[in-house]
Amino acid sequence: SDDGKLSFDEFKAYFADGVLSGEELHELFHTIDTHKTDNLDTEELCEYFSQHLGEYENVLSVLEELNIAILKAMDKTKKDYQEASNLEQFVTRFLLKEILNQLQSLQSSLECAMETTEEQTRQERQDPTKPEVLSIQWPGKRSARRLQRNNSLSPNSPHFSTGWLEEDSRWMTQINRLQKLIDRLEKKDLKLEPFEEEVLEENTKSHIMIVQRQMSVIEEEIEEFQLALKQYVESASTQGGCLHVSIQKLPSDSRFIVYEFWENSNAWNSHLQMNYSKTFQRSNVDFLETPELITTMLVPGKY
């Protein structure tokens with residue numbers, strides 16, 4: 001609420017990651033609240049997290065230096081670019097693109113590492129049995145194909161793919177990728193790689209939008225939520241831009257995961273403006289324990 005402190009509800013809304021339970025979040029909140037005021041201030045948050053930085057202290061220090069260096073470069077570019085020659089302007093644009101590519105690569109590896117750690121924690125906490133897959137009657141010709149794709153999805157994988165390596169191998173791969181990128185970032189003389197430009201035939205239409213929605217439902221509201229969810233899925237699956245929808249309920253808690261595949265980001269954005277989608281979002285205010293977690297990803301629609 002921008003009052004300089006966090007209540008428990010605000011703390012839970014921001015820090016809930018779909019892994020820690022409500023009780024664990026409550027315990028963490030009171031651990032950080034050393035002043036015993038039932039509110040967290042900046043000093044308490046900084047004091048708690050600074051004690052647990054470990055190796056990430058060096059990473060954050062490098063990022064701070066990088067941030068200062070980028071701001072200085074941007075200020076210099078703002079002053080000199082307009083008066084520079086065509087060749088100098090070309091070099092500046094190339095360097096900006098290359099730096100952006102490096103940062104995006106680093107971000108991608110961090111996101112993969114984050115997803116892997118979260119998924120590993122969920123697997124350790126969950127019963128090894130497969131999650132219950134809700135039976136939804138799909139209208140239209142694509143019913144058989146939808147069911148076939150639904151069975152091919154790994155219950156605990158956010159990457160929508162089969163044939164993954166063993167967990168330990170996947171974990172080490174992500175760590176190695178992240179370490180290499182951090183090593184490159186720490187070097188003052190970055191080795192620039194040629195910038196490759198991808199030409200898309202149909203712009204955004206050539207990319208499929210994949211959406212993962214995670215919802216933790218209040219136990220007393222599960223039946224009402226399932227009814228609302230079924231109506232939502234049936235309405236979404238009839239939309240022209242919808243390629244596939246599947247639902248999974250994890251047996252260890254009242255958590256549902258919805259996977260949606262849309263022809264492109266425009267189809268997804270249009271879907272969000274439909275009345276059935278807005279109605280479902282409004283009903284979730286009463287049904288969910290914590291705010292819904294939505295992850296989106298664009299993948300090439302043509303190979």
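Backbone N, Cα and C atoms are what each Cβ position is placed from, and that goes for glycine too.
Since we're looking at a predicted model, the values are computed, not measured.
Record features (TrEMBL):
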COILED    208-235  coiled coil
COMPBIAS  149-160  compositional bias 'Polar residues'
DOMAIN    20-55  domain 'EF-hand'
DOMAIN    209-297  domain 'ABM'
REGION    141-160  region 'Disordered'
Beyond the flanks of the coiled coil (208-235) by 6 or more, those residues with Cβ under 8 Å of it: 18, 134, 136-137, 139, 158, 160, 243, 245, 247, 253-265, 267-268, 274, 276-277, 279-280, 283-284, 286-290, 292-301
Could you break down the residues of the domain 'EF-hand' (20-55) into DSSP helix, strand and coil, giving a count for each? 20 helix, 1 strand, 15 coil
